[in-house]
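What TrEMBL records for this protein:
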DOMAIN    12-430  domain 'Nitrogenase/oxidoreductase component 1'
BINDING   Asp36  [4Fe-4S] cluster binding site
ACT_SITE  Asp299  active site, proton donor
BINDING   Gly434, Met435  substrate binding site
Amino acid sequence: MKLAYWMYAGPAHIGTLRVASSFKNVHAIMHAPLGDDYFNVMRSMLERERDFTAATASIVDRHVLARGSQERVVDNILRKDKEERPDLIILTPTCTSSILQEDLQNFVDRASIVSDSNVIFADVDHYQVNEIQAADRTLEQVVRYYLDRCHRQENLDQFVTDAPSVNIIGIFTLGFHNQHDCRELRRLLRDLDIEINQIIPEGGSVEDLKDLPKAWFNLIPYREVGLMTAIYLNKEFGMPYISTAPMGAVDIAEWIRQIHQNVNTLAPSSSSKRVDYEPYIDGQTRFVSQAAWFSRSIDCQNLTGKETVVFGDATHAASITKILAREMGIRVSCAGTFCKHDAEWFKEQIQGFCDEILITDDHAEVGDMIARVEPSAIFGTQMERHIGKRLDIPCGVISAPVHIQNFPLGYRPFLGYEGTNQIADLVYNSFALGMEEHLLDIFGGHDTKEIMTKSLSTNISLIWNPESQLELRKIPRFVREKVERNTEKFARQKGIGTITVEVMYAAKEALSN
C-alpha cells in the first residue's frame, strides 16, 4: 500500500467494483469506512449512467469497531438479496477495512446459507495488488466460480458452435475508450464472418458464463484485464486465445492473421469454413484506413525527427510506441508504463522502437524524465497532460487513468482500422505546427502566459527578476523554453536563488563550453 496524492492505478477494491458493476444483475458490497465509497459517484459521472451503480457500502464505524462486523455485513448481504434479487453478490474489503483482519469469507459462507443469490468473497490481496490486477483476478474468479459449479452439477455444455465464434474478454466499465473499441471489434468480426459468443464482463450475465467454452477461441484486446481468464479457459478447456491488441495497421494485420490461423486450425479440413483474410487486410489497409496513406504524406514527413515521450498502461503505451516509430517514422525518446507487474512483456514489445524505457508508478519520476528529454510532444495519461501544461509541451492522451474527456459522445475507437485514423489525427494534432508557432509569435499569443519559474525536477522555486524576464521575452519563441530550462538548471547547480541577466549569460557561456 502506498500513500500518494496521485496514483496511476487505484486501490484493489476499485478493480473488483468495476468488474462487478459491468455484469448485469450483479451487486457488489464493499466493507469500508466512509470515504472509500466514492466509486458510485465516479462511475455515474464518467459513464453517464442513468441507473444507480449496483454497489453498496457496508460502513465500518465505531460501533463495528466495538462489536465486530459480522452482523452488519451479513445483514447488508441479505437485505440486498431481498431488495435487488441479484444473480451474484460480491463482497470486497478495502485497504482500510482489511486492517481489522476479519474473516470475511466466514461472513460470506454464513450469508450463503440463507441468501437466494450466489455470494462470493473477492479473493485479492488488497495490500499487494492494484486496481488493474484486482480487476483481472476478480473476473477470473467469477468465471471460475460459475464454470466449476456447472461442472459439479454436470450440466456444462462443451460443444462448440457450428460457425466460427469468439468471446471478447476484458471490455468493462471505466475503461479507456472501451465502448468505442468494442463497437469497432464487432464491425471487424462481422466483416470476417465470425460470430460473437459472449462479451464479458460489460453487459454480460453471470448465468451465461457456462456457455463460454462454446466459442472457438478468445480475444483479449487489453492485457491488463482478461488475460488471467483466458489462461484459465485455455488450461481447463483447451481454448486458444489471442492477446495481440489490434491497434495500428501492422498489429491489426497480425491480429487478423492469428484469427485466420485459429479458424483454419479448428475448422474441419473438408469444411467450407476455412478462410483467407489477406484480401480483406489489403483492402482495409489501403482504402478504409487513411493512416497508411497519411504516413507517406508530406504532413507526416514534417514530423520526422521530432522527439516524443510515451507513457501509459502496458497495452496502449507499447502499441502507440510501435505506431509512432514503425508506422509514422517519429522518434520515441522514452517509452514507459506504470504496469510494473507486466514490465518484462512491455520491454520485449518495444525493444528497438525507443531510446529509453521507464517502468515506474511514480508520476514525479515521469515528470523529471519529460523535463530532461524536452520532447516535441507527449503521449500519455491525464497526469502527463498536466505535466505537459507546466512545461508548455503538447500532450495527446492515449491511456487510462480515465477523465471525463476520455468519454467522448462521438465515435473515437483506438482499436481496428477506424482506430488507426483516430490515432493518426491525435498524433498530428498533438504537435505544435510551424505556422501556428509563427502566428502566435507574431501576434503575441505566447506572451500572455506567465514565465514558468518552477521545474518539475525539484521543489525549489527560482525567482526571475524583472530585467531577466524582459530579456527572456526577447528570445524567439521556438528556443525560449529551452533557454529558460537551461538557465534554471544552471542556477540550481550553482545554488543561485534569483536569476538575473548576468546569470542568463553565465548559463549560456557554461553551456557553450
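Glycine too: its Cβ is placed from the backbone N, Cα and C atoms.
Whatever TrEMBL says is automated annotation, not expert-curated.
Cβ neighbour count for Asp299 (active site, proton donor) (all protein chains, 10 Å cutoff from its Cβ): 12. Looking only at the domain 'Nitrogenase/oxidoreductase component 1' (12-430), the predicted model's pLDDT averages out at 91. Its Cβ taken as reference, Asp36 ([4Fe-4S] cluster binding site) is surrounded by 20 other Cβ atoms within 10 Å in the chains shown. Between Asp299 (active site, proton donor) and Asp36 ([4Fe-4S] cluster binding site), the C-alpha separation comes to 48 Å.
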